[in-house]
Amino acid sequence: MLLKRALLSKFLVLALLVLQTSEVRADSRLESFVHDELQFVQGLGLPSITSFDGDFADDMLNGVDDVVQAWYMDDTTEEDQRLPHHGQPDDPVPLAKLLDLGIIAMRLDADNHENDENLTMIRGKRGYLHMDIVTLTPEKMTNYEAMIKRFFEEHLHVDEEVRYCLEGSGYFDVRDDEDRWIRVSVRKGALMVVPAGIYHRFTLDANNYIKAMRLFSGGPDWTAYNRPHDHLPARQEERRSEE
């Protein structure tokens, strides 16, 4: 078990180092639901971060199974998208499988996100110079039901999507290399990186509440390309990585 965790730690570090952020060129935008937009200048006012420390990687993996779970979902039913939609029989997906798809999941200290050294390290290494915090709940969105249906449309981005759950919970659905849906449950403390070019969608769960931090390497952009957009370079690169 210790060897497996050590190998996973090294793979996480390597994955974070080699993921490349693509420049976003947008001709249409998904409506923004930003409540607070905080911009940071180059360097973030923080010490330069040049490498990951092994202990940091261990910290980020410690307890990740408590805040991130995944399973193959039953998408044939017409039931509410916010229900778990477990397959029959239940078919759990290990986090190592998500890593194979380029999806990185880790656990951070959501209660201390303003001063968390692990988050600072990730932002510095990946160059996430912009962030915002959004709250999705019926009390804050008059068109809540319509908007969660929009989030649930299958789409891709030309840049990686980085989401950090500060409160509440929700589901990311991602396509595997055989085009099957994997449902990924995220709860408070979960940070998830979805690579550019992978088809996915998002929904809240039955709790109808999530507060999340969104991280960007360039200016904030929410461009979503609904399927099919296989001609985009980001999608073609993702398909090559699946081969």
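Count begins at 1; order follows the chain as displayed.
A Cβ is built for glycine as well, from the same backbone N, Cα and C atoms used for every other residue.
TrEMBL: automatically predicted annotations, no manual curation.
TrEMBL annotations:
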type    : residues               : note
BINDING : H155, H157, E161, H200 : Ni(2+) binding site
BINDING : H155, H157, E161, H200 : Fe(2+) binding site
SIGNAL  : 1-26                   : signal peptide
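Most other Cβ atoms within 10 A: among the binding-site residues H155, H157, H200, that distinction falls to H157.
Around the Cβ of E161 (Ni(2+) binding site), 21 further Cβ atoms fall within 10 Å across all displayed protein chains.
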